[in-house]
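Heads up, the thing below is written out as structure tokens.
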Amino acid sequence: MKITVLGCGALGQLWLSMLHQQDHDVQGWLRVPQPFCSVNVIMLNGESFNRNLTTNDPKHLLQSELLLVCLKAWQVSSAVTALLPKLNPECKILLLHNGMGTQEELPLNEHVFLHGVTTHAARRDGNTIIHVASGMTHIGPTSSVIIDDNHLADTLHQALPDVAWHNDISAACWQKLAVNCVINPLTGLYNCRNGDVQRYPELIERLCAEVASVMEMEGYHTSTESLLSYVNNVIRSTADNTSSLLQDLRSQRHTEIDYITGYLLRRARSHGMALPENARLYELIKRKESDYERIGAGLPGSW
């Protein structure tokens, strides 16, 4: 399969390495055009992948059957919009990022958009990407358009298992959003690993109650209890992980909070609902972000 991976960070390099090893015709795409990208990944089994892979080849992009978007949520709109005229109409676009709300920012177009939520974890250590935790990737459309692309799910599963197809991914996206609304701001606020947020059970319950109330208004059957159970399971299973938002704060990068808690607050506002706990955490993270962005020269640009 001919694939372009947009964004060559930790997750992008992980997918590039895995797809290349399955003999797919894959390239990366960088914001600043370069002829190749040095992909250095240490796999879960300790083996290393070190290759210079092609990047930013417009002919490859035009012929691509899949654009796999591995950017931060706030980078997606401008980057994908710039590439839309350069893609063939049959090219599917799979968005793999934390949070929700990016597709609404894109111009109307004819492409099939798919969303993915993943529990794979990778981190950067210098010039090397370390695959620190295997996981599950769920993909599918968020619209009511009937698409059945188990073949794509199977292709991706062969490269980086497990991958499952959903005819409507929306519920899975909201579940992941609930987890992110708890783990990301709390780890960012308290500068701790995922497991350490278990010290704040009452706060976690209040956050889950607010998320559940919005999900109910959005048409998803859930409860505070079921959401709390799910979130706590994820906290325990990822206890040693450092959240992406905390990594961003420590590196003084722009975070994805506007597409995590920010998205939740926007949906709540549309239903006339107030979410005091989530709103408080959102403001605290934005304050941390603005402290260093005011000193720096605007948003970091590399992806």
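For all residues, glycine too, the Cβ spot is worked out from N, Cα and C.
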Candidate sharing the substrate site with ASN98, ASN180, ASN184, ASN194 (per Swiss-Prot), from SER38, SER48, SER244, SER251: SER244
GLY7, CYS8, GLY9, ALA10, LEU11, GLY12, ASN98, ALA122 bind NADP(+) per Swiss-Prot; candidate in GLU256, GLU277, GLU283, GLU289 listed for that same site: GLU256
Candidate nearest GLY7 (NADP(+) binding site) in space, where candidates are the recorded positions LYS176, ASN180, ASN184, ASN194, SER244 and distance is Cα-Cα: SER244
Number of other Cβ atoms within 10 Å of the Cβ of ASN180 (substrate binding site) across all protein chains: 27
Separation of alpha carbons, ASN98 (NADP(+) binding site) and LYS176 (active site, proton donor) (Å): 8
Inter-residue C-alpha distance, ASN180 (substrate binding site) and GLY9 (NADP(+) binding site) (nearest angstrom): 20
ASN98 (NADP(+) binding site): tally of other CB atoms within 10 A of its CB: 21
Alpha-carbon distance [LEU11 (NADP(+) binding site); SER244 (substrate binding site)] in Å: 11
Nonlocal neighbours by CB distance (under 8 Å) for ASN194 (substrate binding site), same chain, sequence gap 6 or more: ILE183, THR187, ILE235, THR238, ALA239, ASP240, ASN241, THR242, SER243
